[in-house]
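Trainee: Mind having a look at this structure? Questions to follow.
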Amino acid sequence: MDSTRRFGKYRIEREVLDEERLEELTQRKTYSEIHPPLTKQLKESLRCTLPMLKKSLMSTFPVLYWLPKYSVWDYGMPDIVSGISVGIMHLPQGMAYALLASLPPVFGLYTSLYPPLIYFFFGTSRHISIGTFTVLSIMVGSVTERLAPDGDFLQSNGTNMTGDVDIAARDTYRVQVAAATTVLGGLIQVLLGVVKFGFVGTYLSEPLVRAYTTAASVHAVGAQLKYIFGVSPKRFSGPLSLIYTMWDVFILLPKTHLPTLVVSAVTIALLIVAKELNVFLRRKLPVPVPVELITIVVATLVSSYGHLNHNYSVSVVGEIPSGLSSPSVPDVSLFGKVIGDAFALAIVGYAISISLGKTFALKHGYKVDSNQELVALGLSNAVGGFFQCFSVCPSMSRSLIQESTGGKTQMAGVASAVIVLVTVLKLGTLFQELPKAVLASIVFVNLKGMFKQYADIVTLWRSSKIDLVVWLVTWISTLLLNLDLGLAASITFALFTVIFRTQLPTYSVLGNIPGTELYVDMETHKEIPGVTIFHSSATVYFANAELYLEALKEKNGTVFVIPTSSQSLEAQPRWEYLKGGDPDCASLGWLSELQDGDTTTLGSSCDDSLSRDLERVSIGSLGKWTWEIHSIILDLSTANFIDIVAMKTLKNLFMDFSEIDVDIYIAGCQTSVVEQLKLGGFFSEVITKRHLFASVHDAVLYCMNHLVNHNNLTD
């Protein structure tokens, strides 16, 4: 068998295209054609009003698009089976994650009921399961414990504090805090979605999100240790609160409640074994065994018949009210105290939601609208907050179950909500004897997936050191500064790395691959005689414009030598073509600034007579130059915008090098960059569109032909 690789060939013959000729050939639209007058826009919008209203209605209520097409025969049974499977998972996770939020378990069930119903009408993802999630529960818990600490609810016997906590009053206020935070976070999400701010989630890179959730899992462990060991550590808030909590738990370990620890250890051991068996047998089982539900049922029976609370003082869930609570308006006065936490919840929840939604959409071939997802998640939170729910987003484990068990549409979320509804109405009271240690153990075991993310450190070390630094900074800041401040610090640092990378891009001089129109780094390929092709890996803007200028002159080895004040001006300044010239010498840009009349930079460093003489110096009158190039091509193919500082830098380059008969050309500009150059007044009689070329190869061919024609005229 012939293993020789065969490549196709192509040959194109066309004229060399500069920007002026390119516009003639393409008949590019003018700015006024692209942006018509307001009156014309109004007429066009009125003509399209009805179709736009219909489209807008469909995009706002996606259920109106897919529900009329819903096939009961094709989708009904898979959605029901999937919904029941997910609903069974909602029950233990809802109650367990309510403990993470420092709320009574029944509010976890409410949170698993109302938000999925709201998402049914507004969501665009067919496979994500909206409800409680570990990280968001921890973030809510940090707010509730900060604003409603146990110390604010100590009971008194008339004159003295008894040291006992009024649990009912504390929990009532914590529910108000959680509801207010959830409603405000939901409103923020809706507002961001309405103004088309769905791209905000892109600022949370994958290393940042994974490091943040990994650090949040440590916070989750710290929050559950008191239930696992049966101790009562002090509650801390603010930076370093996790460290203080861990230390307090360590101090209290000799006082561990042994019956509670036994319950926790047995539950954790059984859950780990059962989950591993589930993974081992997943190909043989039509649906995963509901390990967590079986665990809480068995634990409730053992606790009830063994009287663990009465005989061994094992803490249990306690009273679970049956029925649904009536909606109530959240305490608006709390908004000012929780706005920072609400914003963090809004961003983190959306980032997790859109990443999961796009993953499943890509796999199953449909589209998820990022802005509509932001609105849907926001309404799920805002409306849910009126029913005493806390912040929600999709769960990876539940979403995978919903997809793997055959779920086809958002109808599976309705089926899961029905399971939770039946539990709340009829079965909730049966779980009153469930030990809290069992719920804490469920949370602890479910964090195993997040603990595996520590392997990212090895992966990122091999692939990207900067992403590794982002991961480590995010993890450390989240651990030490808590979830809200940690997120802000992480995003700030991640954006700083982007700025850092654009400020210090890679600069290179390009050479030609013989026989092609391709240009790559000159260190490994042929240089074009007399032509320097300068390339930057990032766009040129105010933060790196000066570095761009210095790198260009360094790559060309140019140094402008200025006489000192003690030297006579008869010893003319000169340009020299030097590889690795003295970096302390002043550059041509310095003289250009003097010629522009900017004398504010001279001041005391130069006397007035020298300044006036230097202003009269013409670079072209300085005699013959030791110069080996005739053209410089600036490859701006990486630029997606250009600002006024970069334009001024390019103008200075044109003027400076024209003084020594070196032509400057620009290649590879995007249409948007050309438009910005027009609007910025870049073009003039000296710098025309004939200095811009469609590609580097066009510019090179022009330079070579121009040189040949020039030499012929000289001869």
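Indices start at 1 and increase along the chain as displayed.
Cβ atoms are placed via backbone N, Cα and C, with glycine included.
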Trainee: Looking at the ranges 289-308, 629-648, 689-708, which is given as transmembrane segment in TrEMBL?
Mentor: 289-308
Trainee: Select the range from 117-140, 177-199, 289-308, 342-362, 475-500 that forms the most Cβ-Cβ pairs under 8 Å with the transmembrane segment (259-277).
Mentor: 289-308
Trainee: For the transmembrane segment (117-140), which partner among 177-199, 289-308, 342-362 gives the most CB pairs under 8 Å?
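Mentor: The stretch with the most close Cβ contacts to the transmembrane segment (117-140) is 342-362.
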